[in-house]
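Report on one structure; see the data block that follows.
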Amino acid sequence: MKSLLDLFKQFTPDEHFDAIKIGLASPEKIRSWSFGEVKKPETINYRTFKPERDGLFCAKIFGPIKDYECLCGKYKRLKHRGVICEKCGVEVTQTKVRRERMGHIDLAAPCAHIWFLKSLPSRLGLVLDMTLRDIERVLYFEAYVVTDPGMTPLKKFSIMTEDDYEAKRTEYGDEFEAKMGAEGIKDLLEGIDIDVETERLRGDLTGSEVKVKKNAKRLKLLEAFKKSGIKPGWMVMEVLPVLPPDLRPLVPLDGGRFATSDLNDLYRRVINRNSRLRRLLELKAPEIIARNEKRMLQEAVDSLLDNGRRGKAMTGANKRALKSLADMIKGKSGRFRQNLLGKRVDYSGRSVITVGPYLKLHQCGLPKLMALELFKPFIFAQLEQRGIATTIKAAKKEVESGTPVVWDILEEVIKEHPVMLNRAPTLHRLGIQAFEPILIEGKAIQLHPLVCAAFNADFDGDQMAVHVPLSVEAQMEARTLMLASNNVLFPASGEPSIVPSQDVVLGLYHATRERINGKGEGMIFADIGEVQRALDSDQVELAAKISVRLTEWTKNKDSGEFEPSTSLVETTVGRALMSEILPKGLPFSHMNKALKKKEISKLINASFRKCGLKATVVFADKLLQNGFRLSTHAGISIAIGDMLVPPQKAEIIGRAEAEVKEIEQQYVSGLVTAGERYNKVVDIWGKAGDEVSKVMMAQLAKEKVIDRHGNEVEQESFNAIYMMADSGARGSAAQIRQLAGMRGLMAKPDGSIIETPITANFREGLNVLQYFISTHGARKGLADTALKTANSGYLTRRLVDVTQDLVVNEDDCGTTNGALMRAIVEGGEVIESLRDRVLGRTTAEDVVHPETLAVLLPAGTLLNEDGIDELELQGVDEIKVRTALTCETRYGLCAKCYGRDLGRGGLINLGEAVGVIAAQSIGEPGTQLTMRTFHIGGAASRAAIASSVEAKSNGSISFNSTMRYVSNTKGELVVISRSGEIVISDNGRERERHKVPYGAVLTVRPDQQVKAGLILANWDPLTRPIITEYAGQVRFENVEEGLTVAKQVDEVTGLSTLVVIDPKRRGSAKVVRPQVKLIDANNQEVKIPGTDHSVTIGFQVGALIQVRDGQDVGPGEVLARIPVEGQKTRDITGGLPRVAELFEARTPKDKGTLAEMTGTISFGKETKGKVRMQITDLDGKVWEELVPKEKNILVHEGQVVNKGESIVDGPADPQDILRLLGIEELSRYIVDEVQDVYRLQGVKINDKHIEVIVRQMLRRVVVENTGDSTYIAGEQVERSEILNTNEALQREGKIPATYSNVLLGITKASLSTDSFISAASFQETTRVLTEAAIMGKRDELRGLKENVIVGRLIPAGTGLAYHQARKAKDAMDDAERRAIADAEAAELAGVMADDDTAAVSVAGDASAD
């Protein structure tokens, strides 16, 4: 009976496995899987539809077609379970065994597995140390390979053609053995003695780099074979497994035809060729015929395994390449990505969304019909429980007839049962949120307006999907973790996500504006009720300035109670009435201002930090209700008259046109080049456009009114368009500028700027030419959008893949390392304050007062708003905080190093998947930004070029240590250093610092006192000068026309300038660099003071020479100018690829050079086209590098440089930064560069997220010195693994291995993870699986992705606890288990005894009564 009951139990696979191993299958293993050999190519009988015996669908091998019924029908029903029918040989069992039973084909000749042959690098080639070409010739019967040379001078592994073979046979007879085809290769593989080979290779890791590399690779492979117990011979197959038939189905279509899986065709070909070959061999057919058949068999097996990898793909009847086994698992529609990582979900529906303004934040409107369908099982259960229906069938009928009781039950079932809403594309975790459903009529889902920002949803036809969490656990998680009212902050930046937008903002803004001399101005009210009555009776207007007595609630620090305090406040009617909805504990000053979108965001943020989540959600809902009401009352609309075109516009445009004419004039007379002309014209128009928009906004923003006392004053305008833009409800200055200013410069599709701007605006209307130019930009916007969305999605996918296994898995790793944080200052402006950078991080060491050195905060404190306010008061300007990069946790991160969970506002919880959050935070805006280009209609947005710096604050001037300058003949100071900075400090505290470029003219001196607004330095932004530091007479060297310089005659002007040309372009052999030497009055060469080197100033390619031979020059004079290329428009288009480039750690095109060590620069002998640059350090060690002459060298003879300093101009290579400056500097570089791109678009992302990704890029190390470990020098290993190995070695007193950091790009890092399942499901599936199978890899299932694929809970969030408990349970040995079981039994016995005594005493009590 028990066995019968077990039968109906749900079949659950034992999920107590900790790892999955992949390996090569031996022939014995394949036979052990098989249930019989497939001998015939037949599939099913076309008349009876029964499978043919011994065919590809044979019931005897694979199992019955109908449940518990044999093929001939002799045995039917459950009672014969397990019987094997003697007539048809079919076992009586469930038909689903046809999904798991395999067959096999015995190959008449061995066949090589194509993956190990053709997947690069060829594994067969590595093992045999033969070239792929040779192996292929042997395998496909074009050549012989010597398998046993015997006593002959032939070499084993050598290749010979047919003719050679015949000759050698006649020469040596049967002394040697040579074979063709896979047999030969198999013999060679089986003849390899792995131990001997590894010993030989270990001793041979010397010599040329190529050889060492190759030997190391071979060694690694052979060691893997040895370790995993896989024999190399198994790469050549003798037995081919056959997939279970239900996984390659054959379905009859109507009309007598069949739809079949391609695999059946491929198997059929293999079987046909195999049986033909077997017959030929039995008939002892001539060698040449058998050989051809063997080749064909090899090809058939190849295309079964991976069609199209070698030669032409096999095609079916319709000329379409057949889908082989490899195609089944790889790519977007393969097994991994289609079925394992992305599944379709039951209990789900989708519909259009509409707005539900009356909903609470945690609710959504669910159409009744949809709910009825989704909650069916729950309704059935209720119907049965109440006895309304007796069977499921009856319940179904009841539901379908739609009786009132069904709807009542539905209401009840839905109560407190959250559903999840998802809007595709789900770019971050706020793309799926849970809501409590409210049943509504109609067919559209209703969505709360405040969650639209998080979903990025609007109501122009968007659709959303609904999912029902079924189990109690799922409901609980949805309710506690995913409910919309629990997710009010963006995980990317920690800012509120439930900020109102559009009409709500407009309503709130309009109600909180103040109007000078409004109706009822100056009235004083006793309380808010009085204000409301005055407004209702039309005594005052909303925007009038009044005074009113308000009650504010402040939290008592000690008791935690709220205490009221009353005061008279000057405010406006609207603000006073709005104060009613403020949560307790938020001061009225937060609301006593015009509420723009930014202000509302700050208000909600302040509320969250001060009053907590619940109060904030309620507050946001009230804001929303009021905003809708007020914007309706306001009734703001726009008319064409609101677009005021500034009267100064014509004059500004006239001025610009005059300037452009002047530039054209200069161009015609040859003072500027064509490139400079274009740049200057674009610049003039850019500035003119900005000026027009400035005067336009000034005109829109202010209006003149008469105040109470009859004076004319200015107030902020009540112009509708201005109010919309100013409040942040809709539109921006850029759009208003196009309506009422001028459209300005447009960009071509390639990003270059069209130099004729559109001077008209939409209010005036465009003429045909202007319209035509407009279409350029607009089209670029749309094309961009389409292309970039895909790129951004791919970037997100790579980021998620590289970080998916990073989870917070301990509280504190105990490290004291960290990074120093200070405010980011550029051009004297604080771009990101220290506050923003350290908020929500943990201090790495005590924070001390800068002067008294008193400890303000101990190490390990989480910095929150209050703590930072305190530190800002004390004047702390740098703090060392813990970062994700310096965390010492293995296989994860610790909570302390990560700091605050930005999406929830407290310290991060254990089990939080911070890697995925980081990836989503960086990927999500990428998609956003790329979808946002077309709004401005392609109007060129270009960062105006700086040509000067001005002081932003008062103080005294000092220069940094690298600043060098000379005084020129006019007495101006000219900067001749590359990294000079002007520092303004006040009382010893640095206020600002500005970088000044080479060639700038300084207008201040050291220690000068300056006032804010003073110009400190200016320069020509469009050219880069080459300046002399010394005086003398110019003597050109190698300045020969046609050789190093060319006369550039301008087509327009006929004037000529000398321009330096690339010496590579001409035929002369000796390479010369055009340069200037200076001659003093005595006709001697001027020397660099303190050395005997002559002053030589080289010209770069492209420089325009400004001086003549023999001219006298003074210090600071310009010898030549190099024009700077025209600027492309900078938007995220340049930005997204830039982000991808940084995360892929690509070496930039013309990368700059960093100094390899600290020392003195000197220049050695020049070689062809290159300068030999040398650095000599204090110990006399010399490092040298050849630098191409056209590169801009930033240093000069005799200059002392520090390790890692830039010495040749160009973008830095992250690999160099890591090598020379270390991890912290690298992280700073990547974080800053990525942030620059996003900041340009006004997107806020916390630095943490970028650091998390950099941590993952640095997770592998390169072994340098192997010590006593089994590693090979130069091998890449996971950092955690080498740390574990080294600890084990040190415990045994052996020498640990040393290693150096290596930076991998995100794609590379994803593919080189220890988890082969994760890597295979990412990209290059074939290569990853091939490698893993040969290595016999184990996947420890640490990451999220691997666990999703094998169908377990992920080791993050609530799953982390589950996995830890499971591991702990597995770790308990049997003895402990027994002990616990005994204890429990004893306890149970005790309880029983207790129960007995208790029962007795109860009885006693009863009788005592």
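Glycine is no exception: its Cβ is also placed from the backbone N, Cα and C atoms.
Pulled from Swiss-Prot:
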- C70, C72, C85, C88: Zn(2+) 1 binding site (BINDING)
- D458, D460, D462: Mg(2+) binding site (BINDING)
- C813, C887, C894, C897: Zn(2+) 2 binding site (BINDING)
Between the C-alpha atoms of D460 (Mg(2+) binding site) and C894 (Zn(2+) 2 binding site), the distance in angstrom, to the nearest integer, is 44
If you measure between the CA atoms of C72 (Zn(2+) 1 binding site) and D462 (Mg(2+) binding site) and round to the nearest Å, you get 56
Same-chain shell around Zn(2+) 2 excluding C813, C887, C894, C897, C-beta within 8 angstroms of the CB centroid, reads E810, D812, T815, R882, A884, T886, E888, T889, L893, A895, K896, Y898
Keeping only the binding-site residues of C85, C88, C813, C887, C894 whose C-alpha lies within 10 A of that of D458 (Mg(2+) binding site) yields none
The answer, for which of the binding-site residues C85, C88, C897 has its Cβ ringed by the most other Cβ atoms inside 10 Å, is C897
Other C-beta atoms within 10 angstroms of the C-beta of C894 (Zn(2+) 2 binding site) total 22
Whole-Å Cα distance, C887 (Zn(2+) 2 binding site) to C70 (Zn(2+) 1 binding site), is 63
Between the C-alpha atoms of C813 (Zn(2+) 2 binding site) and D462 (Mg(2+) binding site), the distance in angstrom, to the nearest integer, is 46
Counting only residues outside C70, C72, C85, C88 in the same chain, those with C-beta within 8 angstroms of the Zn(2+) 1 site's C-beta centroid are A59, L71, G73, K74, Y75, K87, G89, V90
Not counting D458, D460, D462, residues with a CB within 8 A of the CB centroid of the Mg(2+) site are I353, A457, F459, G461
For C70 (Zn(2+) 1 binding site) and D462 (Mg(2+) binding site), the CA-to-CA distance in whole Å is 53
Across the binding-site residues (C70, C72, C813, C887), the Cβ with the fewest other Cβ atoms inside 10 Å is that of C72
For C85 (Zn(2+) 1 binding site) and D462 (Mg(2+) binding site), the CA-to-CA distance in whole Å is 59
Neighbour count check, CB within 10 A, over binding-site residues D458, D460, D462; minimum at D460
C897 (Zn(2+) 2 binding site), DSSP three-state class -> helix
Rounded to a whole number of Å, the separation of the Cα atoms of C88 (Zn(2+) 1 binding site) and C894 (Zn(2+) 2 binding site) comes to 63
As a whole number of Å, the Cα atom of D462 (Mg(2+) binding site) is distant from the Cα atom of C897 (Zn(2+) 2 binding site) by 40
